[in-house]
Amino acid sequence: MNATQAIAKFRTCKTTGLRVFRNAEFFTKVNAVLAVVFLLVGAIAAIGLALTRWTAVHLLGSVYYYRMLTLHGVNMLVFWIIFMEMGILYFACTTLLNSRLFSKMLGWISLALMGIGALMTNYIILAGQADVLLTSYVPLKAHPMFYLGIILFAVGALIVCFNFFATLYIAKRDETYEGSMPLVTFGAMAAAIIAVLALAHGAAALIPTFMWSMGWIGPVDPGLYRLLWWGLGHMSQQINVCAMVSVWYFMGTMTTGAKPLNETVCRGAFLLYILFINLASAHHLLVDPGVGPGWKIWNTSYAMYLAVLASMIHGYTVPASLEVAQRRKGFTKGIFGWFSKLPWKDPGFSAVMLSIIIFGFMGGITGVTLGTEQINIIAHNTLRIPGHFHATVVGGTSLAFMGLAYYLVPLIFQKEFYLKGLARIQPYVFGGGIVVMSLGMSFAGSYGVPRRHWDVDFSGSILSAGFDPIAHVMLGLVGIGGIIAFLGLLLFIGLTVATVFFGRSNEGRPMESWQDEHSTRMKDELIEKGYEEEGKDYEHIKTPGTLTVVIIFLLTFAVYYFANWKALADLWFVR
Amino acid sequence: MSIFSPVGNWFKAPTGTERLWVGLALTWCLIMSVTMPYWHFKGKQNSTGESYKVEASAFLDRANQFIESNKVGEEKGVPIVEPSPGGDAYLVGEMWRWYPILKLKKGQTYRLHISSPDLQHGFSLLPMNMNFHILPGYDHVLTITPTSTGDFEIICNEFCGIGHHMMTGKIIVE
Ligand code: HEM
Ligand SMILES: [Cu+2]
Ligand SMILES: [Cu+2]
C-alpha cells in the first residue's frame, strides 16, 4: 500500500476528501478539453443546420448543408460525447476507487490515436471528400481517410476501456477500497463493457468498408452494413445512457447529498443495460428489407424493453433519492415541498435535473414509441427521429455532462468560474432551446417532413411535392429553438474555456459552493454521514412526490403510445 | 453515497414505493411487448420485410417490362402505369427520381416491388407519411392496399447524394 502510494502521486481533494491521482487527473483534463473543442466544431455546424431547416431562412447551400450535417453528426455524437466519457472513465476508476491508473503509457497511446483519428476525420469532411453523413451507408463512398480516422479513434477508445478494466483489477488486487465499488464506478463499468461490444461491431462494419474504399475488396452488403453499423450506433447510445445515469447519481450526491435508496436495484438496472441492449440495433431496421417480423419483434421487445425497464427504474431512483435527501433536511411540507427547495440555482444541479426530465419525458417516451415495430412506419427517417435523439443525447446526456463540468472544473482543474450568474442560467437556456427544437422536429416529422433533407419544397424536382403550412411553422420552431440552444452552448463553452485557462485558482482550498451557506452545510452533513447510517436505512421514508411524478410519466407515456397506434391504424393497409 | 463503497451487505430486495414502481414499470413493458405481436396478427399495417436478393440489372429489366406492358399515359415525361389489381407492380428508386408513376385502385391489393440500382433510398409516401427503407440488391415487396383516393407524393428520406432533395415520385389512386 505504501509503496504504491509513493509511486502514484496524488493530492487530497479539499472538498470531498477523496484522493486525486495526478496521472489519471491529467488524462481526465485532456479528454475533457478535447471534448469541448469538438463540441465547438459541432456547435458551429449545428447553427448552420438549424437555420437551414428553418425554411424561411434556408441559410446554407445544398452542398454545405450535407457537409455540415456530416460534420455535426460526427463531432457531436462521436467526438464530444466519447472524449467526455473517456474523461469520466479515468476519474471513476481512480479517484473513486482510491487507486492509481494502471498505465500512463496506454493513456498516451490512446490519446494519440483518438486525437489523430478525430483530426483526420474532420479534415477529410471539411475537404469535401466525405459527404456521406455520420452513418456512411454503403454503397455511398467516402475517402478512405474518413473510415480510417474513425477506426483509429475507436481503437484509442478501446484502449482506454482496457486501461479502465486493468485499473479496476489492480485496485481490487491492492485492496485500495473495501467491499463493493461505488455505484458511480459500477455505472461507468457498465458503460465500458458496452463500449467494448459496440466497438467490436463498429470494427466489423467499418474495417471492410475501409478496405472496399481502398479497392482491396468487393462491395459490402448494404443490409449487413446497416445491421453492424447500428450495432455500433445503437450500443453507443447505451454507453451514453450508462454514463449519463452515472453522472445523475454522482451529481445527486454532490449537489444534495443524496444516497441511492437501494444499491441492489440501481446496480441491477445497470446490469439490465448490459444484458439486454445488444440486439436493439434492430429498432433501426424496422422497415428494412431482409429482416423478418419475428426477428424485429423479438429484438425490439425482448431485448429492448428490459433495457427500457432499466431506464424507468433509474428515472425513479434518482429523483427518489433526492426526495429522501431533501426530506431528511427537514423539507417535508406536502408532496412537493422538497422539490421547490432543491438547489435550482446550482448549475450542476439544474443541468442534471433538466437532463432527467428531458430524457425521461421527451427522449424516453418518443424513443420507445418510435422503436415499436409497426409504429416505425410513420416515423422512419422523418424529423421525428432527430426530434427524439436531441432529447436523449443532447437534452439528456450532453446536458448532464455540462452539469458535471460545473463541478469538474473547480474540483479537477481547480479553477473557479467567473460570471457565476451566467453559469446559473446556462442549463435553462440550453435545455429550453433543445426542448423547443426537439418539439419542432417531432411535430414536423409527424407530417412526414424528412430528416437529412435540404429542401422540403422540392424545387427543381420533376414531380412536385411539398408540405402543409403548419409543418413549415414547426420547422420555424426548429430554427428558433436551435438558436436558443446554440447560445446556451456557446455560453457553456465560453465559460468553461475561460475558467480552465484564466479562472481563479482554488488550490489548497475547498471549491466555492454554488449554493448558499445553509444548503451547502446541510448537503455536506449528509455526505459526511455517508454510509454510516446504513441499516437504519430508508425503509420507512416514503417518496410520495416522486411517485406522483412517475405515475404522471406513465400516463403520458401510455397516451402518446396509443395515440401513435391510432395514427398508424388510419394508414393504407400494408404487409 | 453513490461515490463511496456501500457498507455491509447491500444486497436486498426493493421495498415500499420503489417496489411498487418496479412492478408498474415491468407491467407496462410487458403490455408493450404483447402489443407488437398482437398487431402483427390483427393489425392492418405491418412491415414484414419481405424481400428477395436481386441484381440491379435484373430488377430494372423486370420494371421496364412492367412499364411497357401496363403503360396508360405520361406526365412530364414520366410514364404512368396501371398494374392489374391483385398483381405485381414495380417502383424504381434511383438517383434522383422514383419511377414510374403508379395508378392504383382504392380497395385493391398490389404486390409492390421496390428496389434501387445505385444507393440506399427512403420510400416516403405523403401526405400519408408511410416510410420504408430501400436497399440496392434487395427487392423489397410491400403488399399494399390503398384505402383513400387522390394524388400521393413519394419523396426520398434517406440521403442519396447531392440531388437527394429533388427525388420525387407519384402514386395516383382512383
Ligand atoms: C446547439 C445545439 C444543437 C443544435 C441546434 C442541433 C441541431 C441539429 C439539426 C438542425 C440537425 C439536422 C437534422 C436534419 O436536418 O436531419 C441535427 C442533426 C444531428 N444532431 Fe444536432 N444539434 C445540436 C446539438 C447536438 C448534440 C450535442 C448532439 C450529440 C451529442 C447532436 C447530434 C446530432 C446528430 C447525431 C444528428 C444527425 C446527423 C445525421 O442525420 O447524420 N446534436 N442537429
Ligand atoms: Cu438505437
Ligand atoms: Cu435520397
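Cβ atoms are placed via backbone N, Cα and C, with glycine included.
According to TrEMBL, the protein carries these features:
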| type | residues | note |
| --- | --- | --- |
| TRANSMEM | A:32-54 | transmembrane segment |
| DOMAIN | A:33-512 | domain 'Cytochrome oxidase subunit I profile' |
| TRANSMEM | A:74-93 | transmembrane segment |
| TRANSMEM | A:105-126 | transmembrane segment |
| TRANSMEM | A:146-171 | transmembrane segment |
| TRANSMEM | A:183-207 | transmembrane segment |
| TRANSMEM | A:227-252 | transmembrane segment |
| TRANSMEM | A:264-282 | transmembrane segment |
| TRANSMEM | A:302-322 | transmembrane segment |
| TRANSMEM | A:349-369 | transmembrane segment |
| TRANSMEM | A:389-413 | transmembrane segment |
| TRANSMEM | A:425-449 | transmembrane segment |
| TRANSMEM | A:545-563 | transmembrane segment |
For the transmembrane segment (A:349-369) and the transmembrane segment (A:227-252), does the number of C-beta pairs under 8 Å, pairs 6 or more apart in sequence, reach 3 or more?
yes
Model confidence over the domain 'Cytochrome oxidase subunit I profile' (A:33-512), averaged pLDDT:
95
Given a Cβ distance threshold of under 8 angstroms, which distant residues of the chain, six or more beyond its ends, lie next to the transmembrane segment (A:32-54)?
60, 64-65, 68-69, 71-72, 75-76, 79-81, 83-84, 87, 114-115, 118, 122, 383, 401, 405, 408, 412, 437, 454, 475-476, 478-483, 485-486, 489-490, 493, 496-497, 500
